């Protein structure tokens, strides 16, 4: 009987570990999707994005666009892979807050209000990755 209880507990723990690792992977994919899609959309319409960046008064809009594309696509792919996930998530969290402040701070406009708090919520999710890591299904876990 004791052996059955121990086996049952170990089996439940194993299922729980797989569930937790799977949830971490799915969470990283979902968090990354917005960054990758946003980066690709910037590649598709660079002139429009340079105009938008200029319109908010940021200097060096071409450089800002290039950096945004690298952060969004590179960071999104690295986060999915779980490569240096804590560092990447921290960079993406800061990027999310900075872009909220730079591009979506007109909170009287309902659309901008939603975008602002979407970015803040994304930063919150990314801070969970900073705090708890990428999980078992990640390149970070293989490096240990």
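Note: Cβ is positioned from N, Cα and C throughout, glycine not excepted.
Taken from TrEMBL, the feature transmembrane segment applies to 21-40 (among others). Among residues of the same chain six or more beyond the transmembrane segment (21-40), those with a C-beta under 8 A of the stretch's C-beta atoms are 68-69, 71-73, 75-77, 79-80, 82, 85, 89, 92, 122, 125-126, 128-129, 132-138.
Residues of the same chain lying 6 or more positions beyond the ends of the transmembrane segment (60-81) and with a Cβ under 8 Å from any Cβ of it are 28-29, 31-33, 35-36, 38-40, 42-43, 46, 49-51, 53-54, 88-89, 91-92, 95, 99, 129, 134, 138-139. Annotation comment: TrEMBL describes 60-81 (among others) as transmembrane segment.
The transmembrane segment feature in TrEMBL is assigned to 88-108 (among others). Long-range Cβ contacts of the transmembrane segment (88-108) within its own chain (Cβ-Cβ under 8 Å, at least 6 residues beyond either end) map to 31, 35, 52, 56, 58, 68, 71-72, 75-76, 78-79, 115-117, 119-120, 122-123, 126-127, 129-130.
The transmembrane segment annotation in TrEMBL covers 120-139 (among others). Packing against the transmembrane segment (120-139) from elsewhere in the chain are residues 17, 20-25, 27-28, 31, 34, 79, 81-83, 85-86, 89-90, 92-94, 96-97, 100: each is 6 or more residues past its ends and has a CB under 8 Å from a CB in it.
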